[in-house]
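**Student:** Please read through the structure below; I'll follow up with questions.
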Amino acid sequence: MVDLSMSNLSKSQLTALNSSRKPFLTLYRGGMMMYTTIAILAVDFHIFPRRFAKCESFGISLMDAGVGGFIMSSALISRQVRSRLQVKTQKNPTKSSMFKRVLSSVSPMLVLGTIRFVLTRSVDYQIHVSEYGLHWNFFFTLAFVALFAALINPQQNSCGIIGATILFGYQIALSFFGLSDYILHHPRTDLISANKEGIFSSVGYFSLFLISIELGSFLLRKRTISEWKYDFVRLICLNIVLFALSSFFDSCVQAVSRRMANSSFVVCCLALNLFVLNLCLGFNLIMAPKMAETILETPLLRAVNRNQLPFFLLANLSTGAINLLVQTLFVKPFPSFLILSGYMFVLSFVAISWQIWNVSLKFW
């Protein structure tokens with residue numbers, strides 16, 4: 001009787017792990033997005049610990065890692081990953097279809113980035129120029145990543161290699177060709193120098209996106225239970241290697257810098273996010289299927305996963321509106337908590353409503 005129940009448990013676990021909607025990925029992606037949306041508003045209040053805020057030039061904090069986590073989370077289930085897991089029956093795309101695909105991938109990001117720029121300038125909303133530049137913002141970075149991912153469209157087994165090669169070349173330019181000094185110290189005299197952080201850091205984020213596509217293709221494969229456990233151990237070993245590489249790069253190559261998105265930053269983001277992914281996968285492997293579905297895959301997490309980028313956009317718009325209405329740095333702790341709670345309640349309510357109405361907006 002015991003063997004039979006264990007066998008049924010393994011079969012149920014295997015069904016969940018091999019499904020298109022894996023509980024451990026739902027927990028990782030949904031949780032990362034919820035923490036990100038809390039942080040982007042909470043950082044404007046005095047109650048938010050300053051050590052969690054973004055670093056100016058060097059170092060990595062909770063919010064710095066969150067930027068890399070957003071890129072990595074998007075790549076794990078991107079259309080590049082999904083297309084590589086499908087059997088290819090179509091012929092090579094024509095130039096016309098390729099152009100349409102690239103346009104459809106990039107246009108939403110460019111529109112969102114432009115809207116954000118216009119709104120922040122029209123209301124004189126304070127921005128940190130050293131973060132992305134005078135005109136650039138994170139949506140333009142996402143557009144850059146989407147554009148080159150669609151144009152390059154690397155083969156299934158080459159994303160990681162191409163990403164690592166791009167990162168290596170970018171770090172060479174930073175360390176030996178004066179690019180670091182240009183990004184950190186050159187005056188803003190033209191359009192490129194005015195947005196130097198956003199433009200050049202996009203190269204690092206693009207390499208992170210490509211490497212994460214490779215990881216996503218690996219995680220979404222179908223396996224037996226024993227293969228899942230074996231690959232879980234392999235992922236833990238890879239995580240240890242990434243942490244060791246991160247420490248080496250930070251000490252011997254260049255200090256971690258989100259502002260430049262250098263190799264130390266990219267490897268550190270990979271290590272930190274893979275650590276969280278391994279925790280989620282570990283819980284998924286030891287939990288009974290029903291328990292995993294209840295704890296790891298709540299309706300809110302599923303809703304946020306389904307419309308991750310629109311949810312992030314709504315959070316940005318809400319953050320801007322609250323900052324215009326309230327002098328956040330002067331709000332006392334308890335009212336700050338109430339504002340943050342109301343903000344998250346509204347965002348969660350909208351996400352659940354999208355889920356109920358079967359709304360699905362995909363920009364990747």
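Here the Cβ of each residue, glycine as well, is placed from N, Cα and C on the backbone.
TrEMBL: automatically predicted annotations, no manual curation.
Quick paste of what TrEMBL says about this protein:
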TRANSMEM  27-48  transmembrane segment
TRANSMEM  60-77  transmembrane segment
TRANSMEM  98-119  transmembrane segment
TRANSMEM  134-152  transmembrane segment
TRANSMEM  159-179  transmembrane segment
TRANSMEM  199-220  transmembrane segment
TRANSMEM  232-249  transmembrane segment
TRANSMEM  261-288  transmembrane segment
TRANSMEM  309-331  transmembrane segment
TRANSMEM  337-357  transmembrane segment
**Student:** Counting only pairs at least 6 apart in sequence, do the transmembrane segment (27-48) and the transmembrane segment (261-288) share 3+ Cβ pairs under 8 Å?
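**Tutor:** These two segments touch.
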**Student:** If I count Cβ-Cβ pairs under 8 A between the transmembrane segment (199-220) and each of 60-77, 98-119, 134-152, 261-288, 309-331, which range comes out on top?
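**Tutor:** When the Cβ pairs under 8 Å are tallied, 60-77 comes out ahead.
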**Student:** For the transmembrane segment (98-119), I need the partner stretch with the highest count of C-beta pairs below 8 angstroms, choosing only from 159-179, 232-249, 309-331.
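**Tutor:** By Cβ pairs under 8 Å, 309-331 leads among 159-179, 232-249, 309-331.
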**Student:** So what's near the transmembrane segment (261-288) in sequence-distant terms, Cβ-Cβ under 8 Å and 6+ beyond its ends?
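**Tutor:** Same-chain contacts beyond the ends: 9, 12-13, 16-17, 22-25, 27-28, 31-32, 60, 64-65, 68-69, 71-73, 167-168, 170-171, 174, 180, 200-205, 207-208, 211-212, 215, 219, 228-229, 232, 235-236, 238-239, 242-243, 245-246, 249-250, 253-255, 295-296.
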**Student:** Taking residues 6+ outside the transmembrane segment (232-249), which of them lie with a CB under 8 Å of any CB in it?
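**Tutor:** Distant contacts of the transmembrane segment (232-249): 256, 263-264, 267-268, 270-271, 274-275, 277-278, 281-282, 285.
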**Student:** Are there at least 3 C-beta pairs under 8 angstroms linking the transmembrane segment (337-357) and the transmembrane segment (309-331), leaving out pairs fewer than 6 apart in sequence?
**Tutor:** yes
**Student:** Against which stretches of its own chain does the transmembrane segment (134-152) lie, if we need a Cβ under 8 Å and a gap of at least six residues from its ends?
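**Tutor:** Same-chain residues near the transmembrane segment (134-152) but 6 or more away: 67, 71, 74, 78, 80, 98, 101-102, 105-106, 109-110, 112-113, 116-117, 162, 188, 191, 194-195, 197-199, 201-202, 205-206, 209-210, 213, 309, 363-364.
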